[in-house]
Amino acid sequence: MQASSRAPAAAACSAMKPAHCTVLQIQIDRRGLECRDRFGTSKLSWAVGNSALHQCQSPKRYIRRQRRRHSPVLQVGCNAIIGDQNESIATQFEEICKEVPKKLGAFYRFCRPHTIFGTIIGITSVSLLPMRSLDDFTTKVLWGFLEALSSALFMNVYVVSLNQLYDIRIDKVNKPSLPLASGEFSVATGAVLVLTSLIMSFIIGIRSRSAPLICALLISFFLGSAYSVDVPLLRWKRNAFLAASCILFVRAVLVQLAFFAHMQQHVLKRPLAPTKSVVFATLFMCCFSAVIALFKDIPDIDGDRHFGVESLSVRLGPQRVYWLCINILLTAYGAGILAGASSTKLFQMIITVFGHGLLGFALWKRAQQCDVENKAWITSFYMFIWKLFYAEYFLIPFVQ
């Protein structure tokens, strides 16, 4: 019995002994009966050296050789190793598949999507204002538009991500779901994303050779940095007036005038001549940007008060700031109705008058349900204001 069980083991050892290979040591386990039940023969445990491991990692050639040398136990062993490797790879792949959507979701929140949508819609709307006919829609014009849009989006990501980088402690109170505050992204990851966004924005802007676009990017970089960076004379978000001025100048002045000039002067090669639409857009967005700058601090009042940020909501109280913002927007919609009524073209007049009236009514109706003390409600209303902001850019091209 003992001799017969050692014979296959000796044959297996001789099969695994080329001159350059390490010996495959085979031992008979004492639990013979249990091993026979599992494998149909004695359980083998072997220590695999360098060459033996390589043979098991290329199973097809090795197994074909061993079949000719009648070594079914080694074949089962190699198959077991391959099965373990495949199972490990499958497990890693499943983990990656689960991790990728989480990271993408975190990056989506990191970019503050409501500001991204505002940039896309705003620049697209303003870029249409210099167009006079369908002949203006050429490949060159499309390329100039994409240069402006992509560089602005990267700068947008830089500004909002820099703010998160310096506001981690505040965001743990105000916005704990943000990636840096929640720990989904490390500080190093946030810094890399901030720097990458800034570099990409300036690379695209410089390659465009557009003076208005480069000027817009430089001013956005300065104001976005001054708003967030915590060094002497900066960190302007601590002051309500300076914080509102940063947002107002970028959203109301730069987006309208700089990108209009980029399209008209640099892309279309026409003399810079502001139109009624771009003047109206600049004035209207001054009101809207001021409201966004003031309103965004209402849900954040607890964290701002705790960390010494003197926002207007902290100084005056959320209720007063809330109704101040509502009244500013209703006044702006009234001005929009008057601007539309002054149009000499009937179709444009109907669109602008009816559109501003409808948006103003929707704002007034929802404002009556106010619950300023409810953070979830006030955050939802803030996002509603952003939706009104998007809708206004669809009306601006009709103001003529």
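The backbone N, Cα and C atoms fix where each Cβ goes, glycine too.
Here is what TrEMBL says about this protein:
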{"type": "TRANSMEM", "residues": "110-129", "note": "transmembrane segment"}
{"type": "TRANSMEM", "residues": "141-162", "note": "transmembrane segment"}
{"type": "TRANSMEM", "residues": "183-204", "note": "transmembrane segment"}
{"type": "TRANSMEM", "residues": "210-229", "note": "transmembrane segment"}
{"type": "TRANSMEM", "residues": "241-263", "note": "transmembrane segment"}
{"type": "TRANSMEM", "residues": "275-295", "note": "transmembrane segment"}
{"type": "TRANSMEM", "residues": "321-340", "note": "transmembrane segment"}
{"type": "TRANSMEM", "residues": "346-364", "note": "transmembrane segment"}
{"type": "TRANSMEM", "residues": "376-396", "note": "transmembrane segment"}
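Between the transmembrane segment (210-229) and the stretches 141-162, 241-263, 321-340, the greatest number of Cβ pairs separated by less than 8 Å involves 241-263. Tertiary proximity for the transmembrane segment (110-129) is limited to same-chain residues at least six positions away from its ends with a CB under 8 Å from its CB atoms, namely 145, 148-149, 152-153, 156-157, 160-161, 164, 178-180, 185, 190, 193, 251, 255-256, 259-260, 263, 275, 277-278, 281, 285, 383, 386, 389-390, 393-394, 396-397.
Remote same-chain residues near the transmembrane segment (141-162) are listed as 110-112, 115-116, 119-120, 123-124, 127, 190, 193-194, 197-198, 200-202, 204-205, 207-208, 210, 213, 216-217, 220-221, 224-225, 227-229, 255, 259, 262-263, 266-268 (criterion: CB distance under 8 Å, separation of at least six residues from the stretch ends). Listed as Cβ neighbours of the transmembrane segment (376-396) (distance under 8 Å, sequence separation of 6 or more from its ends, same chain) are residues 114, 117-118, 121-122, 124-126, 129, 277, 280-281, 284-285, 288, 291-292, 295-296, 298-299, 318, 322, 325, 329, 336, 351-352, 355-356, 359, 362-363, 366-367, 370.
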